[in-house]
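**Q** Under the heading active site, TrEMBL lists GLU154. The Fe cation binding site annotation in TrEMBL covers CYS110, HIS153, HIS157.
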Amino acid sequence: MITMKDIIREGHSVLREKAAEVAMPPSKEDQEMMDAMMTFLRNSQDPETAEKYELRAGVGLAAPQINVSKRIIAVRTANENDEPREFALFNPKIVSHSAETAYLESGEGCLSVDRNVEGIVPRYARIKVDAFDRNGDKLKLRFRGYEAIVVQHELDHLDGIMFYDRIEEYAGDYKRPLPSKSIVHRSEEELVL
Ligand SMILES: [Zn+2]
């Protein structure tokens, strides 16, 4: 079971590496890794389990965050009826994106960052992603709004990018701007976790 002690924090070199592609079809080991990552998200979003194991609630986790430099991500959001939407992906890749950008008004947080970092993180408002599912079947997915932001945050982890690298005022060695056109203002209601 993944807990906070398995999650590496900023400063760890693996968070700055480009993660390796996962061989398809996935091995049992890679599938189990993926399952464990999704289980962590479910546990972290369940108040009782989260309290018992002292888990910080997360909506996304990338394998490099548990010190595994492989292209695996898990995302767990909810639809407007509060029903979970889960995506566990091998080798996800953005194949196209909107010119329009979006951002979370509250900024972004990260399970690998134990501090509050203020600042707008520009993301694409809509993305199309190719990936492979748990069985190694090819998926073509579209994300928008909050979900698109979460998926981009996790995809960045696979390329060694931290969310603050994209904050406009940030000026570190890893600075990675998104080409920004029009920044779209989104309401807080849309962004409830
Ligand atoms: Zn993160």
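Each position is counted from 1, following the chain as shown.
Cβ coordinates come from backbone N, Cα and C, glycine included.
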**Q** Measure from the Cβ of HIS153 (Fe cation binding site) and count the other Cβ atoms within 10 Å, all protein chains considered.
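**A** The Cβ of HIS153 (Fe cation binding site) has 24 Cβ neighbours within 10 Å.
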**Q** Could you tell me the C-alpha distance between the residue listed as 'active site' and CYS110 (Fe cation binding site) in angstrom, no decimals?
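**A** Between the alpha carbons of the residue listed as 'active site' and CYS110 (Fe cation binding site) there are 10 Å.
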**Q** What other residues of this chain sit with their CB within 8 A of the center of the CB atoms of CYS110, HIS153, HIS157, the recorded Fe cation site?
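**A** Other same-chain residues near the Fe cation site: GLY60, ALA62, GLN65, GLU108, LEU111, SER112, GLU154, ASP156, MET162, PHE163.
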